[in-house]
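Chemist: Taken from TrEMBL, the feature domain 'Phosphofructokinase' covers 4-297. Per TrEMBL, ATP binding site is recorded for GLY11, ARG73, PHE74, GLY104, ASP105, GLY106, THR107. The Mg(2+) binding site annotation in TrEMBL covers ASP105. TrEMBL lists GLY106 with the feature site 'Important for substrate specificity'. The annotation substrate binding site is assigned in TrEMBL to THR127, ILE128, ASP129, ARG164, MET171, GLY172, ARG173, GLU223, ARG267, TYR273, ILE274, GLN275, ARG276. The active site, proton acceptor annotation in TrEMBL covers ASP129.
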Amino acid sequence: MARYGILTSGGDCPGLNAVIRGTVLQGTTVHGQEFVGFRDGYRGLVYGDIRPLNRLAVRGISRNGGTILGTSRFGPYSEPDGGPENIKKVLERLEIDGVIAIGGDGTMAAANRLYEDGIPMVGVPKTIDNDLEATDFTFGFSTAVEIATDAADRLRTTGDSHQRCMVLEVMGRHAGWIAIYAGVASGAHVTLIPEAPETLDQICRWVTEAAERGRGPLVMVAEGFTLPEMDDAYSDKGLDEFDRPRLGGIGEILAPLIQERTGIQTRATTLGYIQRGGVPTAFDRVLGTRFGQAISDVLADGDWGQMVALRGTQIERVPFTDAVGHTKSVPLDFYRGARALFG
Ligand code: F6P
């Protein structure tokens with residue numbers, strides 16, 4: 001019986017457990033496959049740290065956030081113990097015929113490199129940021145948008161009561177998908193995304209217009225947004241394990257600037273990890289389950305080097321290289337449409 005290992009890597013994301021469950025159920029009932037889980041992302045693969053994954057182990061997990069396997073930003077090539085030769089030995093010793101990597105851009109890049117180095121790898125794309133080019137949507141995004149929209153709705157009531165400008169910072173390193181969706185959904189008066197720098201003057205004009213109608217203006221800002229005079233996205237937290245600046249804090253930078261220019265009392269809230277945690281929406285559970293089932297079919301066909309993707313309403317297979325290094329930005333016409341309603 002063919003036996004496969006599943007790992008979840010990178011930032012956690014609502015819907016990961018639905019993928020694990022979908023894979024195990026489809027694999028065991030339709031294809032007669034067996035599964036184990038690698039603990040904590042690529043670390044589990046490099047050190048052969050596994051746990052059994054049978055039908056019982058995945059019972060009822062789709063409704064839970066996080067990942068039952070644990071995750072990390074451990075790179076399979078970055079440690080002396082890593083690398084393809086070591087991993088081949090681990091897989092041989094544990095009698096594992098192939099690996100499913102569930103993760104974002106960094107995870108898929110590592111999976112592709114391992115695949116090119118002769119390891120049988122397949123992938124499932126994941127990120128709350130929804131910024132992977134290969135797929136129309138990633139699971140986790142819908143949950144993050146719901147949470148951000150709820151937070152915005154709550155900020156609007158307190159902002160209206162105090163006639164304050166409320167700035168809400170959401171995640172979105174390279175792309176402003178969460179911000180634009182939650183901004184449109186909550187009727188934010190300004191939404192700022194990495195793809196479209198806006199001047200402080202313009203932002204303050206919109207804020208003032210909204211305030212003049214007697215509203216507490218709401219400014220939604222993605223963490224990767226930059227003012228025209230900024231070289232890079234705001235970061236004061238050092239680097240992460242992939243040597244990327246840890247973002248967060250642009251809302252706190254903007255709030256005093258807006259207050260100073262407009263004279264309107266302004267408060268900032270950073271939503272942070274709340275938008276990655278908790279119960280996944282039904283959409284994310286369904287997409288995760290479908291991705292999981294589809295990746296089990298990919299294994300059954302021995303279609304290595306492929307990942308699953310949502311194209312329209314269909315689940316398709318695409319090579320890793322379609323996802324790696326290609327950021328899916330918010331289209332400018334989408335932004336322009338939202339921008340027409342700012343102020
Ligand atoms: O999953 C992507 C993301 O949500 C980014 O928007 C954010 O910059 C990053 O994760 C932060 O996560 P961590 O602190 O776990 O690296």
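These residue numbers are counts, starting from 1, taken along the chain as shown.
Quick reminder: no glycine exception, Cβ is built from N, Cα and C everywhere.
Just so you know, TrEMBL annotations are computer predictions that nobody has curated.
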Chemist: Can you tell which of the binding-site residues THR127, MET171, ARG173, ILE274 lies nearest to PHE74 (ATP binding site) in space, using Cα positions?
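Modeler: Out of the listed candidates, the nearest Cα belongs to THR127.
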Chemist: Around ligand 1, within a Cβ distance of under 6 Å, which of the binding-site residues GLY11, GLY106, ASP129 show up?
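Modeler: Correct list: GLY11, ASP129.
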Chemist: Just name the most isolated of the binding-site residues THR107, THR127, going by other Cβ atoms within 10 Å of its Cβ.
Modeler: THR127
Chemist: Restricting to the same chain and to sequence separations of six or more, state which residues have a Cβ under 8 Å from that of MET171 (substrate binding site).
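Modeler: Once residues fewer than 6 apart are set aside, MET171 (substrate binding site) is near ILE128, ASP129, ALA144, ILE178, ALA222, GLU223, LEU271, GLY272, GLN275, ARG276.
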Chemist: With the ATP site defined by the record as GLY11, ARG73, PHE74, GLY104, ASP105, GLY106, THR107, how many Å span the farthest pair of C-alpha atoms?
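Modeler: Farthest Cα pair among residues binding ATP: 14 Å.
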Chemist: For GLY104 (ATP binding site), find which of the binding-site residues THR127, ARG173, ARG267 come within 10 Å, Cα to Cα.
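Modeler: So the list reads THR127.
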Chemist: Rank the binding-site residues ASP105, ASP129 by the number of other Cβ atoms within 10 Å of each Cβ and report the first-ranked residue.
Modeler: ASP129
Chemist: How many whole Å apart are the CA atoms of GLY106 (ATP binding site) and ILE274 (substrate binding site)?
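Modeler: Rounded to the nearest whole number, the Cα-Cα distance is 22 Å.
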Chemist: Report the mean pLDDT of the predicted model across the domain 'Phosphofructokinase' (4-297), rounded to a whole number.
Modeler: 96
Chemist: In whole Å, how far is ILE274 (substrate binding site) from ASP105 (ATP binding site) when you measure between their Cα atoms?
Modeler: 22
Chemist: Which of the binding-site residues GLY11, ARG73, THR107 has its Cα nearest to the Cα of ILE274 (substrate binding site)?
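Modeler: Spatially nearest to ILE274 (substrate binding site) by Cα position is GLY11.
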Chemist: Based on the record's binding annotation for substrate (THR127, ILE128, ASP129, ARG164, MET171, GLY172, ARG173, GLU223, ARG267, TYR273, ILE274, GLN275, ARG276), what whole-number value in Å is the widest Cα to Cα distance?
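Modeler: Looking at THR127, ILE128, ASP129, ARG164, MET171, GLY172, ARG173, GLU223, ARG267, TYR273, ILE274, GLN275, ARG276 as a set, their Cα atoms extend up to 33 Å apart.
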Chemist: Taking the Cα atoms as reference points, how far is THR107 (ATP binding site) from THR127 (substrate binding site) in Å?
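Modeler: So the Cα of THR127 (substrate binding site) lies 11 Å away from that of THR107 (ATP binding site).
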